[in-house]
Amino acid sequence: MSAPSRDEGGEKTYPVVDRAPAAMFRIGSVDEQPQALTPQATLTRPPLHKQSSCTRSEAGDLSEPTALFPSMRLVLAALLCCCYMALSISTSNISVGIICMSSCPLHPGLGGTLDWKASQEGYVLAAQNAGHLLMLLTGMWADRLNGKWMVFASLVLCVSANALLPLASPVSFWLAVACRMAVGAADACLIPAANSLITRWFPQAERAAAIGIISGGRQMGGLFILPAAGWLCTQKIAGGWPAIFYLSALVSLLVMFFWLPFGADKPSKQCCISERERLFVESRIACESIGKRTDRSRRVPYRAMLRSKPLWASVLAMVCHEYPLVIMLQFLPNYLRDVLEFQPTENGIISALPMLCLFLSKTFTSSLSSYLIVQREFDKTTVCKVFNGIASAGLSICIGIVPFFKKDHAALAVLSLCAAMFSAGMHTPGVQTALVQLAPPFSGIITGWTYFAVAWFGIGNKILTKRIVQQGSPTEWAIVFQVASVVAALPVVVFTIWGSADRQIWASPSSKLSVASMYVPNRVASANGAQMKRVSSQGSWKSASLPKRATPPPIRKISTKTPLGPLDAAQLRTE
């Protein structure tokens, strides 16, 4: 190994590498004898796409990978998907339910019995986003509190709010607002907790696919509740529209019973996970220095976060992404009723079609993103920017042309809406994945900041839309869609220029040992004669006489403005 040199001030400087060091042993099943690696073996490793599955590792170790299917990671992703589905049912049921609840001056036969004005309807819809404002607090604590119980609290709020809304709405308009705020608070608990769980359960290469599976629950919930709500509106079951909210509460209750025994904050707390899979996950995320939730000594780099251009570019991109989606998720049934004049049953079914397109798009493109990064070795940031650019441009164009289709061309209007949502699905491997990758140890805080901003714009969006749409005329709806089209196009410029999916320097590990392991080459100690014995009680391997690892040299200060240099092969030669 090359000796350290001295700079002009006489201080020692050490070479910098752009990848993590190699480990000495493969971590496989407990019945497999670990084999020592020679220094030459670590220096002549083939390219990543030609390596066997046992040698690929983001953390630099050689622990044996386990497939995502089947695995407990996939089970956790499925459980979180069900939690998102329950939440989506609770947030989307009001879009069809309010059509059956309140009277409609334009179409008297399609309204309900509650005499709510258009502005009052806007407040009921915006109350959910007011509950989202709690995400600023829940996001700051998501990395410190147990994620399992935060998700449980979210489900409890969904059950309570949906069960009480049919009883409270006829009594007082403000009680209905309070129930919807509780649904927003449930959203504020679930999203930061889910993002924090993703960083603790899934290696970087699997996170795009995991986010696609988990967040797909939102579309699955919409696909279920929108047609069901449209049908229940026309029935006399439990009084018609109240049955929509009772059904939503029942779904959340069922998901809660499955989450309690099988949900876990991290792999080591999951009772059903195999030792092999646990070691695989922990070794892959070890270099990210996520740390324990109970660790109060870790500093949060607020100043660096506030000055981070990639972070705020991602926040703005998420706001611009969610703005048109609020219209598509909350106001689409109103548009189909006012302009295209669909009946409640047809309205519910057609409102679900764009949700289906969004679900298929995000599921396919998330898997494609993981394939491009892992198998084809594409740059993570480039992949995120390309997907996000296509998503924003497609969403803007398709939403912008919707007002040109009137009642006589309803099929073309629905097709444009479906194309808009298919484009929006590409935001999942785009800005949504980038937000998780920027700073894994602080993913909860970043999520809280992001959706706090989204909530404010969501409140303004719903109130503004109801202010514009007073009579439900095509001209009023055209203004709504044109504004959404302009907002959706902004990330094409902002995120493409300043966005990033790479881990930021201010989110690097805080401990000296972990920093040294990231930037200073390890001495490959000789493993000759090292004896390994099996610890039968734990089913793992323990070294009886492993050579001691050399003390890492002092850490050289690394400039945040100068990128790390390429790996020099001469620096890895053994002494």
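Even glycines carry a Cβ here, placed using N, Cα and C.
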TrEMBL lists transmembrane segment for one of the ranges 122-144, 352-374, 513-535; which is that range?
352-374
Among the residue ranges 174-195, 438-459, I'd like the one that TrEMBL describes as transmembrane segment.
438-459
For the domain 'Major facilitator superfamily (MFS) profile' (81-503), what's the mean pLDDT in this predicted model?
86
Within-chain partners of the transmembrane segment (352-374) [C-beta distance under 8 Å, separation at least 6 from its ends]
56, 205-206, 208-209, 211-213, 215-216, 219-220, 222-223, 226-227, 328-329, 332, 380, 383-384, 387, 414, 417-429, 433
Take a look at 74-102, 243-260, 386-404, 438-459, 479-498 and tell me which one has the most Cβ pairs under 8 Å to the transmembrane segment (210-231).
74-102
Residues of the parent chain within Cβ reach of the transmembrane segment (410-426), under 8 Å, 6 or more residues beyond its termini
321, 324-325, 328, 332, 339-340, 342, 350, 353-365, 387-388, 390-395, 398-399, 401-402
The recorded stretch from 74-102, 149-167, 243-260, 386-404, 438-459 sharing the largest number of CB pairs under 8 A with the transmembrane segment (311-332) is 438-459
Near the transmembrane segment (386-404), which same-chain residues lie under 8 Å Cβ to Cβ, leaving out any that are not at least 6 residues past its ends?
317, 320-321, 324, 365, 369, 413, 416-417, 419-420, 422-427, 429-431, 434, 474, 477-478, 481-482, 484-486, 488-492, 495-496, 499
